[in-house]
Amino acid sequence: MGKTTVTLASGREMPLVGFGLWKVPRETAAETVYNAIKVGYRLFDGAYDYQNEKEAGEGIRRAIDEGLVRREDIFITTKLWNNYHRKEHALAMARKQNEAWGLGYIDLYLIHFPCALEYIDPAIRQYPAWWMDEAGTISLDKVAIRETWEALETVVDQGIARSIGISNFQSQAIYDILSYARHPISSLQIEHHPYLVQSDLVTMAQENGIVVTAYSSFGPQSFLELPPAFSKRAKVTALLFDTEPVKKAAEKYRVTPAQVLLRWATQRNVAVIPKSNNRERLGQNLQVTEFDMTKDELEDISALDQGLRFNDPGFYLTQPIRIFA
């Protein structure tokens, strides 16, 4: 059986397999999280952008109150949205998000995207998404990544978060942060699946002690149910579940294609945060450290790489933000 946790640069332990809260409806989030804890999940990956932090926290508190887990057994990751990159806004939002979770502290707090949008007071527009208004206007702001990173360091100093990190960043910005960081970059969260391996980025992060977490581990499957602007690439792409090396490994190890894809990541020390509403699949996803593939099998799956990105504001926004250019 493989390892089930990974050590962050901050010294904290993080589960290698967690539950992703993206696309979990607010109305069912508390029950979903509670049930995931009963199955065995301890890491929950959220974000202000997902708009379900309060409800997810309620599910965790219910499990704590019933004696299923202790707070220290649970690991919460959440993220700072793009409209709050200025220091004063980042600090206020970190406090607001921590209060929403209601668990005393955030385990890992990430900058969601390496781009700043103009500030909108949450009291005026609680959930700005990428848009400033109903017309879909997008307004960038001139905020240096350093200002935002140093705000997150203050979040650690104040005890709001235990560890901090980044999401959707490329190596150039990471090297920049490394040159001035007081607190280490504990994690880099990226889209990572066999169609988008990003091997150089993963290697660069790991060489610098940064734990990589993969989102959208199933590639196009994660995007099919989204609106057309977000799903058009996914709908014309073959499912990873149906690719030959994935099917071959699934048959050999008597596991599902989904388990193969998750093990492809975790066996390479990349954490994963899949989501499922199916209790059986929830359990299967947790079991992905219980078998090992061969080096050749891992490489065959990696050879599916097409550099194909599905979460790219450079193509799904009407005013493209070319973060990955």
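Cβ coordinates come from backbone N, Cα and C, glycine included.
Pulled from TrEMBL:
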type	residues	note
DOMAIN	18-305	domain 'NADP-dependent oxidoreductase'
ACT_SITE	Y50	active site, proton donor
SITE	K79	site 'Lowers pKa of active site Tyr'
BINDING	H112	substrate binding site
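Scoring each of the recorded positions (K79, H112) by how many neighbouring Cβ atoms lie within 10 Å, the top position goes to K79. In three-state terms derived from DSSP, the residue listed as 'active site, proton donor' belongs to a helical segment. Residues within less than 8 Å, Cβ to Cβ, of the residue listed as 'active site, proton donor' and separated from it by at least 6 positions along the same chain comprise L21, W22, K23, V24. Counting in whole angstrom, K79 (site 'Lowers pKa of active site Tyr') lies 5 from the residue listed as 'substrate binding site' by their C-alpha atoms.
DSSP assigns the residue listed as 'substrate binding site' to coil in the three-state reduction, placing it in neither a helix nor a strand.
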